[in-house]
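As given in Swiss-Prot:
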- 1-24: signal peptide (SIGNAL)
- Cys82-Cys91: disulfide bond (DISULFID)
- Cys84-Cys98: disulfide bond (DISULFID)
- Cys113-Cys129: disulfide bond (DISULFID)
- Cys132-Cys146: disulfide bond (DISULFID)
- Cys134-Cys155: disulfide bond (DISULFID)
- Cys169-Cys184: disulfide bond (DISULFID)
- Cys187-Cys202: disulfide bond (DISULFID)
- 187-240: domain 'Laminin EGF-like 3' (DOMAIN)
- Cys189-Cys209: disulfide bond (DISULFID)
- 256-825: region 'Domain II and I' (REGION)
- 431-523: coiled coil (COILED)
- 556-604: coiled coil (COILED)
- 655-717: coiled coil (COILED)
- 770-799: coiled coil (COILED)
- 826-1030: domain 'Laminin G-like 1' (DOMAIN)
- Cys1196-Cys1222: disulfide bond (DISULFID)
- 1229-1397: domain 'Laminin G-like 3' (DOMAIN)
- Cys1365-Cys1397: disulfide bond (DISULFID)
- 1409-1419: compositional bias 'Basic residues' (COMPBIAS)
- 1421-1430: compositional bias 'Basic and acidic residues' (COMPBIAS)
- Cys1610-Cys1633: disulfide bond (DISULFID)
- Cys1785-Cys1813: disulfide bond (DISULFID)
Amino acid sequence: MGWSTAWCSVLALWLLWCAVCSNAASGDGNAFPFDIEGSAVVGRQDPSETSDSGVTLGRLPPAAERCDAGFFRTLSGECAPCDCNGNSHECLDGSGFCLHCQRNTTGEHCEKCLDGYIGDSIRGTPRFCQPCPCPLPHLANFAESCYRKNGAVRCICKENYVGPNCERCAPGYYGNPLLIGSTCKKCDCSGNSDPNLIFEDCDEITGQCRNCLRNTTGFKCERCAPGYYGDARTAKNCAVCNCGGGPCDSVTGECLEEGFEVPTGCDKCVWDLTDDLRLAALSIEESKSGLLSVSSGAAAHRHVTDMNSTIHLLRTRLSERENQYTLRKIQINNSENTLRSLLPDVEGLHEKGSQASRKGMLVEKESMDTIDQATHLVEQAHNMRDKIQEINSKMLYYGENQELGPEEIAEKLVLAQKMLEEIRSRQPFLTHRELVDEEADEAQELLSQAENWQRLHNDTRSLFPVVLEQLDDYNAKLSDLQESINQALDHVRDAEDMNRAITFKQRDHEKQHERVKEQMEVVGASLSMSADSLTIPQLTLEELDEIIKNASGIYAEIDGAKNELQGKLSNLSNLSHDLVQEATDHAYNLQQEADELSRNLHSSDMNGLVQKALDASNVYENIANYVSEANETAELALNITDRIYDAVSGIDTQIIYHKDESDNLLNQARELQAKADSSNDEAVADTSRRVGGALWRKGALRDRLNDAVKQLQAAERGDAHQRLGQSKLFIEEANKTTAAVQQVTTPMANNLSNWSQNLQTFDSSAYNTAVDSARDAVRNLTEVVPQLLDQLRTVEQKRPASNISASIQRIRELIAQTRSVASKIQVSMMFDGQSAVEVHPKVSVDDLKAFTSISLYMKPPPKPAEPTGAWVADQFVLYLGSKNAKKEYMGLAIKNDNLVYVYNLGMKDVEILLDSKPVSSWPAYFSIVKIERVGKHGKVFLTVPSLSSTAEEKFIKKGEFAGDDSLLDLTPEDTVFYVGGVPANFKLPASLNLPSYSGCLELATLNNDVISLYNFKHIYNMDPSKSVPCARDKLAFTQSRAASYFFDGSSYAVVRDITRRGKFGQVTRFDIEIRTPADNGLVLLMVNGSMFFSLEMRNGYLHVFYDFGFSNGPVHLEDTLKKAQINDAKYHEISIIYHNDKKMILVVDRRHVKSTDNEKKKIPFTDIYIGGAPQEVLQSRTLRAHLPLDINFRGCMKGFQFQKKDFNLLEQTETLGVGYGCPEDSLISRRAYFNGQSFIASIQKISFFDGFEGGFNFRTLQPNGLLFYYTSGSDVFSISLDNGTVVMDVKGIKVMSTDKQYHDGLPHFVVTSISDTRYELVVDKSRLRGKNPTKGKAEQTQTTEKKFYFGGSPISPQYANFTGCISNAYFTRLDRDVEVEDFQRYSEKVHTSLYECPIESSPLFLLHKKGKNSSKPKTNKQGEKSKDAPSWDPIGLKFLEQKAPRDSHCHLSSSPRAIEHAYQYGGTANSRQEFEHEQGDFGEKSQFAIRLKTRSSHGMIFYVSDQEENDFMTLFLAHGRLVFMFNVGHKKLKIRSQEKYNDGLWHDVIFIREKSSGRLVIDGLRVLEERLPPSGAAWKIKGPIYLGGVAPGRAVKNVQITSVYSFSGCLGNLQLNGASITSASQTFSVTPCFEGPMETGTYFSTEGGYVVLDESFNIGLKFEIAFEVRPRSSSGTLVHGHSVNGEYLNVHMRNGQVIVKVNNGVRDFSTSVTPKQNLCDGRWHRITVIRDSNVVQLDVDSEVNHVVGPLNPKPVDHREPVFVGGVPESLLTPRLAPSKPFTGCIRHFVIDSRPVSFSKAALVSGAVSINSCPTA
């Protein structure tokens, strides 16, 4: 029975264990991570699982009773069927959980598929789970798991696989998963792939590596490439073979013979050799370290001997230098001899080439003669053939007409045959045939020889450039060698001078040594005599003795503290390392102070002994302070240790508590076990199960507690012991340092006693001298500091070439940024009824005059249930207005529990009471309050949100000022803005004189600008750091704040290391949503050195500028078709996609806008700026040279993503000034700027002639312009400016202002009102009225929608359009309240900016003199420079917007975008500008400044000289380096930069000549200076200043030939002695410095210019001219040729038509072609002109026309000069009307099938750019 009971218990426990394990397993299986068919899986719960655990289990039947297969025993004892969805026939008794699920299923009821399988085991077909088809179900399944979504299978691929069905290998792996048996393996490129990639790049199918780096090759980049040798796998040191281009061993580098193949099987030898070499290198390093460790010091007493040996050594080296100099001189002589021998060879080669050319011409002539003879022979043969044919025809004729007998015929035939044989045998024919064959052979031979000579001649000519280049390099090397020799001579002379100086110094030292001995004797006598003179310092010495005694006491206390610390060390468990380190630092400082004192004590300077005594006193005080600080630090460390010990004790207490609970559980389990002993078998089994569970839980709890204890001990006490040990070491070190200090300071008493004996006779005059010196220094500083401040201001106003001005500017920027950040702190302040805040208004008072709006969040304290004194019904909220508070103000208050808005415009208050929602009924969270004033109309808004929904309660109340005033007339110095209360010395007006506000308050906006309480001027009775603000709930009106960011035009965000969230791949994507009304702004920016990427908004359209190191320069991607204008105050989704490292795509609102291809380059950036960037980044040289825009973004952004990964911009550490949310008020366009050709229009329901009132601000410098216009039939209502007078015209009745100076650039406010009795016009505060002639007549009110205009009108010919700004417009409407117009909502906007109005100021003379009657905008606005002002731009080169009118027929602008005051040189050898100058410009000192940008290595930049070029000054490029040179008498001073500056970036260069010294300053950082001895000769300059090049034949005398040719690049901002040089007297092949992409072609600029071809081209009686053009204007001269007798040819365009005019000496005749396709469409078009005597044909693309002129009986074929692109007017005949020069590009110019090179033209005059043509 006992055995049976035991077995039953074991069986019950086993069943319980199985149930627990099954439950745990099923629980784990429930964590299925995928959403199937878009719905979440909800687990089912069996009722038995939720049964009470305390139910008695006596109903469970004995274990021997089993249910059938497919059934399980429930707790009630019944058999129930298993619910396993047909996937199992076994389930667990009690719970019904299924066991042994089949068909790849799992779960409590086999209702789910295993990972890697998919199907519907419950309802699906088939009814079992199949392997995931990723990509193949059974044979190739590479998915972790899969699921269905939207009817499709989604695979979760393994690590090495990608694709919707895992059908591809991931990047960095290769293989073909679709091929059965194939898997994805990792790429193996031996570590020689691109290190910038996160994986090795190989073919995704074969695994062959792409782009092997480090000079490697092979399938896996496993060996060095041909021509290299080394270890490609391990050492990765493949180096170039040194075999003269021949092959070498790929491992050792040994040179091999041609065709030699490296045998296989030598790998072991190579690796053995590599190991031996490595061991040899290690032994060499050991030997080297041993040699370096050998000491080479010398004794001090042998210093003189060593000096003599050094002199001897220097003399030896001097002789070596002389020998080297002699050797160099011999080498130079040899080089010169070699050069002399080389020059005859070159001349011989040239002579041989000439002889070959002459022989070729002779052979050609003889060949032509032979051909003529052969032609003559052929003609003779033809004549003979004709005669034979004639004879034959005659024979036939006579044979037919005469009947001959057979005998006669036979005779004749025999005779004919004889004649034929005789003819054949005649000698002349044979001789001529042989001669012809021989001459033909000789001609062929001569022709081949001529070809060979021609080939040799061409080869010889091809060698000329190489030889010349070698000669040039050799010449440069000789120059460098000469300079090196000169430098060596200088060094030799310097060494000789140093030797002499050393000798003299040695003698001086010996003499000084003797004098020192004598002075020492004198000093000894003085010391003995000064003992009696020191009575005054005696008191000081006694005080020092006292200090020493105190220090001794302090050290005793330190010893006591040390013992106390050592006693407490045993209780320490943790100690702060930082505090101990600080104590050690203090001890170290003590050591330093002691050392300093010791040095002072050992000094023998008698005149400083008193001061040293004072220093010693200060040192003692410092020692005492440091010791006390060390004690405090130690005490602090002890306190921290005690706190940590208490914390550990608390943890021990918790552990003991848990242990007691465990014991209680154990006792309960034992009691249960005791009770279970008396129960039956079922109870025993149940009890055993419960006891086992309790024991298991107890054991688990104990294990957890033990683990916790161990972790605590390991983490805390172990670390504490370790730190304690460290602390002991530190304290011991501190004690040792303190002991050392004591040892050092102990001799002080002895030294002081010595002082007392030696300083008795010291004179006290040293004190008086020191005091007088200090007084004089203070007085001097007092005088100098104001002067320094003045100089600081002066330096700040000058050109920022120094770091001081930049620092000042940076400080100001930081202050502005700080204020900007403070204005965006969206946190409330708690006001207690006594506090107040004065806020910076941030908005100009001019902007507040006509329109004022303030919004804020308020949370007043709740009203108590019972009246108390704490709650106040009347409270002051805010005040904005004048300081005198009598008029011109507005405010907000609470009166009688209601919100009250008060404003005053000069006479009386207007109070608007919002009584529909008492303040006491507001909820206990923030509500929005907004007060607004438009003119005389006021309004207060209240928005009360709801916590439970997005619904809001809105309340509004309106009011109106009854007087005539409409402006809030404030001045900046008289304006204050108080919130919550006012200071005690400020008196509020009576309507606002209430108790201060109690509660929380937060400012939101002021006139649409974000504002904050934390941007305060002063705070009163408040500490913001202690006053806890109220938390603002995220209610309905703030939901949008969390997802969007606001940029105010000065803020920006920076995301560092964007690759931490995503990687650059085949497709790189940036996404962002923006919302803005601005025209311009910087959206995204990435910079890395000279490479950059910029996404900008210009005039409302997107532009992308980027350069990833492209060889062709930056790429510009723009919305040329104007598909997406984004400055409409709506959100637009922008995507930048970079595909396959070579294609940039711009997508807006998921629509493709533009794309462009570029050179294949990866994105080289890791950081990105959003919405703007710091000024130091925007003003960098890279961005200044390429980016036209540096305006930060203003508006809202959200959803910034990189590779579809979101970034929270406010969490970035360097984000500056970015605010939460997107305030709607900040996106309203209340202002519009008109340029004289623009207007805006809208259609609304407004009655302008009946009960109308409207107003607006305007600001302009133009005296005339249409401000507002409306028409209804013949009735017109308009407001305009006429000669500075405001005129209102209503149905022909005009009301005019009395003042005529409203075009002064200041803001003015206009209010118009029309009633049935009068018309009224108010300008500022001047009121004018006129009678309504329709008084008493009933007029029907217009209720239909009508169009009205601001700024101009397309239907008003009477008025010119307005130039200036209009803002804050409002109307009285029929359908809504008075409010400010949002111009963004207007339906028609033509060339109008709705974002900013440029601040314009009138010139001084305009304030006293009337302007002209002109509607065009003035050109002398602020920001433009006068003619006399310097044109140097201190910030950088600006982009020049050309003022030339654009041709309406042309797609391209006539003036491409260029840099202001910068010009492009090059293309021809003598491209240049010439400037005239005065003689006084070049005196003893002359200074030039210039900016340059080039990629050329040679070229002339600047040159000026006299007529004979004896006196000269020049700046040029040589081998990429800048060289500044001028003459000093017969010598030349040359300054050459060490670095190269032909990097394509802008550089500032200043070169100065001052008598015989020169200075070269580059970029304000590098200063090079040289000097020559003055010559005394006069320095005179007479010729012009050459810039960019010189005239032919100039500068060759002084500059090497390669640098004489023209500079190729851009030069700008030339200044002479601080004055700008702008007007060139002559220009040759110089154009503005264009920015943007360029292509091959010759560009003729709008400034005019032409090209004169060389003499090898002429237009005579017969020719063909062909060329391609891309015009930028529809008219202009293309080609012109003329002769002295009046004949000419002229090809030009006129309004898109191509015309050819010809005069052949008889009369003019012409033809023309009007192409169907516009020539000015921005594309290339081909034009061909063909002349054959009097016939002229013109081809334009595929269209042809011709003309036949009169014949000239005596034609003369003249050689006429050919002009291209223009012609001087003096050469045009009266019959040929002058035509303007051609503007555009010309290329592929051909005359008679011979291409023309404009770079070799006879003359290039004017603004013509050779071989460089802008494309946009």
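Please read every residue number as a count from 1 along the shown chain.
Positions of Cβ are set from backbone N, Cα and C atoms, glycine also.
Values in this document were obtained by computation on a predicted structure and should not be read as measured data.
Ranking the disulfide-bonded residues Cys129, Cys134, Cys146, Cys1813 by the distance of their Cα atoms from the Cα of Cys1610 (disulfide bond) places Cys1813 first.
Straight-line distance linking the Cα atoms of Cys113 (disulfide bond) and Cys1397 (disulfide bond), rounded to a whole number, equals 68 Å. Spatially, by CA atoms, the disulfide-bonded residues Cys169, Cys202, Cys1222, Cys1633 include one closest to Cys91 (disulfide bond), and that is Cys169. A 10 Å radius around the C-alpha of Cys202 (disulfide bond) takes in these disulfide-bonded residues out of Cys98, Cys134, Cys189, Cys209, Cys1785, Cys1813, in sequence order: Cys189, Cys209.
Within the model, the coiled coil (655-717) carries an average pLDDT of 59. Here the candidates are the disulfide-bonded residues Cys146, Cys155, Cys1785, and by Cα distance the one nearest Cys184 (disulfide bond) turns out to be Cys155. Look at the domain 'Laminin EGF-like 3' (187-240): DSSP puts its residues at 0 helix, 10 strand, 44 coil. Of all the disulfide-bonded residues listed here (Cys82, Cys129, Cys1196), Cys129 has the Cα closest to the Cα of Cys209 (disulfide bond). Taking the Cβ of Cys98 (disulfide bond) as centre and 10 Å as the limit, one finds 27 other Cβ atoms among all the protein chains shown. Inclusion criterion for the disulfide-bonded residues Cys98, Cys155, Cys1222: a C-alpha placed within 10 angstroms of the C-alpha of Cys132 (disulfide bond); this criterion is met by Cys155. Reported as a whole number, the C-alpha separation between Cys134 (disulfide bond) and Cys146 (disulfide bond) equals 8 Å. For the disulfide-bonded residues given as Cys84, Cys134, Cys187, Cys209, the lowest number of other CB atoms within 10 Å of the residue's CB is seen at Cys187. In space, Cys1397 is the closest of the disulfide-bonded residues Cys155, Cys1397, Cys1633 to Cys1222 (disulfide bond), judged by Cα positions.
Fewest other C-beta atoms within 10 Å: among the disulfide-bonded residues Cys91, Cys1222, that description fits Cys1222. Considering only the disulfide-bonded residues Cys84, Cys98, Cys146, Cys189, Cys1785, the residue whose Cα is spatially closest to the Cα of Cys155 (disulfide bond) is Cys146. Here the candidates are the disulfide-bonded residues Cys146, Cys189, Cys1397, Cys1785, Cys1813. The one whose C-alpha lies nearest to that of Cys84 (disulfide bond) is Cys146. Using a 10 Å Cα-Cα cut-off around Cys98 (disulfide bond), the disulfide-bonded residues Cys82, Cys129, Cys187, Cys1633, Cys1785 reduce to Cys82. Of the recorded residues, Cys1397 (disulfide bond) and Cys1196 (disulfide bond) place their C-alpha atoms 20 Å from one another. Neighbour density at the Cβ, taken as the number of other Cβ atoms within 10 Å, is lowest among the disulfide-bonded residues Cys129, Cys155, Cys184, Cys189, Cys1397 for Cys1397. Remark: Cys1813 (disulfide bond) has Met1638, Glu1639, Thr1640, Gly1641, Thr1642, Tyr1643, Arg1670, Cys1785, Arg1787 as non-local neighbours, by Cβ distance under 8 Å and separation of at least 6 in sequence.
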